[in-house]
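**Student:** Heads up, here are the entries from TrEMBL:
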DOMAIN    43-142  domain 'Glycosyltransferase 2-like'
TRANSMEM  268-290  transmembrane segment
TRANSMEM  302-324  transmembrane segment
TRANSMEM  336-358  transmembrane segment
């Protein structure tokens, strides 16, 4: 059985890798005639709750796009820091200030994005999380891909890592990208989108009702993609290596725990049953490998067993390296010492189950969210 799981792990890893290589935004082909695209008005909408430090980095980058935005809207979601002051220090920025908590039935981010939309006038809407760091070509590439593919375009930013604990995001990152059926595998229809960067036409957003239709969804990016699919609108997702990056949880391991526990168990099967089963088999291959390498030190093994188990471990490390190198600043040592990352993953997963199944609530940005 172990060898069967290992063989399945290799096959699934290869398919994950192929699906990812085809969806790196900076490697996609552009269109020759961009005049029509350049004439479209793009409204950039940034939800911001206590984001003064992130806005200091983000707003200059948005203001210096090669395809200039029609308008830049920052929605201050009841912040207690200097978010509003930073936003208004840029003359190009329009501030929408929310002074009260979201109405009953609304999740904070969806409420902020909806209010940004209501105050916008562009032909296209670009929803950006405040912690992303776009290159000056992001709007151009998104506009080109929207003209080519139609529908909704989303991008998962490249992970920028500065502190040791941030490397622990590796297994979460790989599952978000490869195991959720967002890159067109195993199904051709994407079952989700990537919330940090979402690009859509105003027409499509109004047709679906946008975030007002999914107002109570904690995983608003996944629900938005399913909403578009329900209306027959295509969803195409990309990886942002070279065009947009972010530090997912820069404020410490507590923030990382809150963020992933908010999303993990609720999003475990959002990619569909088949995608979930493939991810389960893939994860089983990793944990079987960890068990094998541990048994070398805890059990009596002959030379052949040691060689086979070591080879198994190194092959798993190789695939983790191949899958992770285009998704963030993960190093070779992250792949070699992957048991540390995946044991931490299990801890967070069970903590997430405790919050969602027993306490029926999670915490994010100082708010309790019912699940």
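Don't overthink the numbers, they just go from 1 along the chain as shown.
Heads up, the Cβ atoms here are built off N, Cα and C, so glycines get one too.
Could you tell me the structural context for the features on the list?
**Tutor:** Per DSSP, the secondary structure of the domain 'Glycosyltransferase 2-like' (43-142) breaks down as 34 helix, 27 strand, 39 coil.
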**Student:** Cβ under 8 Å, sequence separation of at least 6 from the ends of the transmembrane segment (268-290): give me the contacting residues as numbers and ranges.
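**Tutor:** Residues packing against the transmembrane segment (268-290) from afar: 2, 5-6, 8-10, 12-13, 16, 175, 179-182, 186-187, 191-192, 219, 222, 312-313, 316, 320, 338-339, 342-343.
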